[in-house]
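Okay, so Swiss-Prot annotates it like this:
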BINDING   SER37, TYR44, ASN45, ARG46, PHE47, PRO241, PHE242, SER243  L-tryptophan binding site
ACT_SITE  GLU259  active site, proton donor
ACT_SITE  LYS275  active site, N6-(4-deoxychorismate)-lysine intermediate
Amino acid sequence: MMKTLSPTVITLPWRPDAAEHYFAPVNHLPWAMLLHSGDAIHPYNRFDILVADPVTTLTTRAQETTVCTARTTTVTLDDPLHVLQTQLEALPFHPQPDPDLPFQGGALGLFGYDLGRRFEILPDTAARDIALPDMAIGLYDWALIVDHQKQVVSLISYHDADARYRWLTSQRAPTRTPFRLTSAWQSNMTRCEYGEKFRQVQAWLHSGDCYQVNLSQRFQASYEGDEWQAFERLNRANRAPFSAFLRLHDGAILSLSPERFIQLENGHIQTRPIKGTLPRLNDPQADRQQAQKLANSMKDRAENLMIVDLMRNDIGRVAVPGSVKVPELFVVEPFPAVHHLVSTITARLPDSLHATDLLRAAFPGGSITGAPKVRAMEIIDELEPQRRNAWCGSIGYLSFCGKMDTSITIRTVTATQGQLYCSAGGGIVADSNEEAEYQETFDKVNRILHPLEN
């Protein structure tokens with residue numbers, strides 16, 4: 001089959017809220033997805049990406065991946081990322097990379113935390129009480145790209161771009177009940193239970209069984225109404241550069257993530273793990289001192305360095321030998337609710353490997369598991385009452401042009417069957433303080449739980 005070199009691009013009138021303007025009428029459609037830069041004051045705030053109406057969908061639940069097109073539905077037990085690579089390569093689109101068009105059609109969606117069970121042997125202790133898929137990916141032959149840096153709105157399509165624009169502007173969202181919580185947030189563990197789990201982790205750490213474990217608690221509330229309204233509210237409150245709204249058949253994912261997982265561009269790999277958190281303070285001088293306190297914290301630096309080493313090892317499994325570098329170590333980045341300690345790891349991917357090979361080697365991200373990764377994941381499955389599902393997985397895209405960019409789905413709400421789920425955790429190391437770690441879980445989600453209560 002002839003390869004199509006590039007999509008047709010039409011430029012639409014600029015408006016800074018173009019992503020919300022065009023997404024609102026389609027947000028109710030299954031497989032409508034929005035990657036939003038959150039209007040963040042952040043280096044990675046340039047693009048918003050909107051898709052809907054995919055040509056193919058891939059849905060993984062446990063061992064089965066279901067591939068649906070307009071004509072066929074097939075079920076396979078193959079490695080889900082291999083299935084994804086095969087489906088991408090089967091489509092006749094192979095554009096050249098364009099720095100102004102990061103996503104030129106391709107795969108976009110959710111890689112849930114529990115997809116990691118396909119790549120590592122893990123226990124089956126935690127309850128699977130959320131019915132959403134482990135992987136939910138659409139393949140799209142069009143997209144809307146909002147470039148906030150150049151103030152350009154581009155609609156790209158491999159077919160009739162004008163017809164796609166007419167389709168997009170003809171959509172009308174149904175009238176929805178306004179969003180509201182119908183119960184208070186409830187944790188899946190008491191303060192006493194958290195303490196017991198914390199001390200179990202400490203025992204494993206002091207015995208040398210592991211070096212760091214990310215222990216979380218999950219908050220749940222019932223709700224009614226429009227999840228898109230909830231996302232708009234959260235987006236204004238959090239302004240996170242890797243935000244996303246995914247509409248699935250049986251629910252929605254509302255992500256306000258500050259963290260990049262892996263980017264691949266022209267063979268260059270970048271990952272930016274977050275490890276180390278302190279809450280923002282209202283007084284500017286006290287807030288600057290808080291940032292300096294985080295920068296100087298030996299505990300947080302040690303915690304961060306463990307994950308840097310883990311990510312170097314994960315990426316090194318597939319990178320060109322000798323190419324793994326750490327250009328940034330222990331950088332403090334401010335966000336609306338918290339200061340984070342961030343490091344950057346870079347490498348090169350051999351031409352012989354695909355973005356899915358890189359994703360498989362590093363999934364799930366080390367910043368939300370611990371070290372060593374597999375042992376930490378075993379402990380997480382034993383101590384956390386329920387599976388993580390979408391939380392601590394990844395949301396992102398693999399473009400037909402070869403570029404990949406993905407987030408870590410922290411600060412993320414799962415909405416399904418009238419219930420909201422939102423988790424928060426922290427990396428526990430040998431000298432962690434129980435009360436400080438417990439409080440950190442609240443510091444991380446206050447900007448999510450409270451806006452939804454109002």
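Placed from the backbone N, Cα and C atoms, the Cβ positions cover glycine too.
Situate these features within the shown structure.
Under DSSP, PHE242 (L-tryptophan binding site) is assigned to a strand (E or B) in the three-state scheme. Cβ neighbour count for PHE242 (L-tryptophan binding site) (all protein chains, 10 Å cutoff from its Cβ): 30.
Under DSSP, GLU259 (active site, proton donor) is assigned to coil, being neither helix nor strand in the three-state scheme. Long-range Cβ contacts of GLU259 (active site, proton donor) within its own chain (separation 6+, distance under 8 Å): PHE242, ARG272, PRO273, ILE274, HIS340, GLY365, SER367, SER407, ILE408, ILE410.
Neighbours of LYS275 (active site, N6-(4-deoxychorismate)-lysine intermediate), defined as other CB atoms within 10 A of its CB across all chains, total 27. In the three-state DSSP reading, LYS275 (active site, N6-(4-deoxychorismate)-lysine intermediate) counts as strand.
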If one looks at the chain holding SER243 (L-tryptophan binding site), which residues at least 6 apart in sequence have a CB under 8 angstroms from its CB?
LEU35, HIS36, SER37, GLY38, ASN235, SER255, LEU256, SER257
Given a 10 Å Cβ-Cβ cut-off, pick out the one of the binding-site residues SER37, ARG46, PHE47, PRO241 that has the most other Cβ atoms nearby.
PRO241
Between the Cα atoms of ASN45 (L-tryptophan binding site) and LYS275 (active site, N6-(4-deoxychorismate)-lysine intermediate), find the distance and write it as a whole number of Å.
21
Given TYR44 (L-tryptophan binding site) and LYS275 (active site, N6-(4-deoxychorismate)-lysine intermediate), what distance in Å do their CA atoms have, once rounded to a whole number?
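Each residue's Cα considered, TYR44 (L-tryptophan binding site) and LYS275 (active site, N6-(4-deoxychorismate)-lysine intermediate) end up 18 Å apart.
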